[in-house]
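Scroll down for the structure; my scribbles are underneath it.
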Amino acid sequence: MSYEALFSPFKVRGLELKNRIVLPGMNTKMAKNKHDIGEDMIAYHVARAKAGCALNIFECVALCPAPHAYMYMGLYTDHHVEQLKKLTDAVHEAGGKMGIQLWHGGFSPQMFFDETNTLETPDTLTVERIHEIVEEFGRGARMAVQAGFDAVEFHAAHSYLPHEFLSPGMNKRTDEYGGSFENRCRFCYEVVQAIRSNIPDDMPFFMRADCIDELMEQTMTEEEIVTFINKCAELGVDVADLSRGNATSFATVYEVPPFNLAHGFNIENIYNIKKQINIPVMGVGRINTGEMANKVIEEGKFDLVGIGRAQLADPNWITKVREGKEDLIRHCIGCDQGCYDAVINPKMKHITCTHNPGLCLEYQGMPKTDAPKKVMIVGGGMAGMIAAEVLKTRGHNPVIFEASDKLAGQFRLAGVAPMKQDWADVAEWEAKEVERLGIEVRLNTEVTAETIKEFNPDNVIIAVGSTYALPEIPGIDSPSVYSQYQVLKGEVNPTGRVAVIGCGLVGTEVAELLASRGAQVIAIERKGVGTGLSMLRRMFMNPEFKYYKIAKMSGTNVTALEQGKVHYIMTDKKTKEVTQGVLECDATVICTGITARPSDGLKARCEELGIPVEVIGDAAGARDCTIATREGYDAGMAI
């Protein structure tokens, strides 16, 4: 497909965009100590610009020392201007354009713990401070011009300070900045005027806004949203960047939508607003394919399309779409583990990506080796395949030894759960990528100490993965007791009343899978059902369990199993009251976790032979796939 609409030019004031694709502002956490731009941030943006992105919008910047959340870059000193100028110069040299997102967090940065993990109670803003903040937005816009940016964006969504003023659910002021719709909009109108008056007439002005204000006690109506955007357009806003979500309700999930939400879930909501406003629209929301991106432009539903996490997963997404090589795209799977979870986890230095562990490491490049080595990779899961791909690309000779009859076994199983087809597709994609690169694979091959000696590799990477952790429960060998793997592999399909023991990440998905097939499921967990799930995944669990009518038994220890019965002790979380009981069921599925597959013998043999060896992924200890693939990437780069 040529995707003519997607790759048609677009002009906003004096800015000529070569196509309709924008990299929206997304937090990377790469700002150094809140004040410096390093080679990693520059390389990240340059890579997307070289691939053909029409406009990169730099992540939100703090406009004053407080609040200045620990992961954001600042824009309130000459030093910030100098640092950001390095970035814009590099992107311009690469043929791209740069915008910047002007931001004030209000109470929302308190969600993101600082380095000391402390929280503070936010204060009510004085009118004097409101006027200062308006001036700070104006100063930030002026500094953005000095730093060489081609466009500015005002972030007025997602429960940040501007949205807190706009929403009747958050704005409880009784002065000129609260109460009536006009008063609630006053702060934003003043900010828009301050920004417009501090940038050149030919400089485009974007504004991020919510196309729906929802799931709070009081929200902006559709009419209010339309009126607000049209008034901002009169005051100088050129493009409405329409998103969805807030930080005070379940609507948080719409900001960084996980796999539970359909691709393009927000298209019609955005189009509904577009039809009622007087300026062009940029839209976002799990738009991951060239076909979908082209369609929203072709049908007039968007004027510009934000391709965000798809460009995190593959910096060359645009090149591959333009050249008709979409089968080579590393697709985002909506796991949110490397992007969203990393942002809210202060222990993570920067974002990463399950499918693209080289994210934020673009500055390293992929240096070719001048001493090719024969590398034995024991295990063909995601970590092993990523390691092999990196090694092959760098000029080494990796060989994958896989005990089963196919690659990506565990990740394929992850794709069996409801709404996770993308995961299964990625498992298949990785297997095909190994084949495309010409990497030798030996399936149905169990590696022993003797195998290593016979193969005589220069290096060994052990990526044998994990195995089922079977708890010591009397009666666990009863005929009606099955493992998570038996269910996910399709070896069994328990029906009727089914107890699922161990409801962390895998257990909740097994519970939903069986319930979707008609089983009456009871989810049993020693701690709390859903323990270990990411924040957004936990938010989806309750409505999904309600939809599937899955019963939950948290704080429950299983003491024994027998045919058709589960014996348990339950501790009430609030009262600490302990009760014993017997649950009658037709089948029981054990999902109590995984443990590293034994590999000490292989490692010891390598050491005896003097062969450099590294253990990665689940083989080094149970971990999520994002960490495993990053370890595979690092192992491939280290040789």
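Glycine is treated like the rest: Cβ placed from N, Cα and C.
Feature list (source: Swiss-Prot):
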ACT_SITE  Tyr160  active site, proton donor
BINDING   Gln101, Arg208, Arg286, Gly308, Arg309  FMN binding site
BINDING   His155, Ala156, Ala157, His158  substrate binding site
BINDING   Cys332, Cys335, Cys339, Cys353  [4Fe-4S] cluster binding site
BINDING   Gln337, Ala383, Glu402, Gln410, Lys420, Val447  FAD binding site
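It is 33 Å from the Cα atom of Cys332 ([4Fe-4S] cluster binding site) to that of Val447 (FAD binding site). Other Cβ atoms within 10 Å of the Cβ of Cys335 ([4Fe-4S] cluster binding site) number 26 in total over all chains. Distance between Cα atoms for Arg309 (FMN binding site) and Cys339 ([4Fe-4S] cluster binding site): 8 Å, as a whole number. Those same-chain residues not listed among His155, Ala156, Ala157, His158 yet with C-beta within 8 angstroms of the centroid of the substrate site C-beta atoms are Trp103, Tyr160, Pro162, His163, Arg208, Ala209, Asp210, Ser243.
Cβ proximity to the [4Fe-4S] cluster site centre (mean Cβ of Cys332, Cys335, Cys339, Cys353, cutoff 8 Å) flags the following additional same-chain residues: Arg309, Leu312, Ala313, Ile333, Gly334, Asp336, Gln337, Gly338, Thr354, His355, Asn356, Thr626.
Rounded to a whole number, the C-alpha distance linking Cys353 ([4Fe-4S] cluster binding site) with Tyr160 (active site, proton donor) is 26 angstrom. Counting other CB atoms no more than 10 Å from each candidate's CB, the binding-site residues Ala157, Cys332, Cys339, Cys353 peak at Cys332. Arg208 (FMN binding site) counts 27 other C-beta atoms within 10 Å of its own C-beta, drawing on all protein chains shown. Residue annotation for FAD gives Gln337, Ala383, Glu402, Gln410, Lys420, Val447. The furthest Cα pair among them is separated by 32 Å.
In space, Cys339 is the closest of the binding-site residues Ala157, Cys339, Val447 to Gly308 (FMN binding site), judged by Cα positions. If you take the Cα of Ala157 (substrate binding site) and the Cα of Val447 (FAD binding site), they are about 54 angstrom apart, rounded to a whole number.
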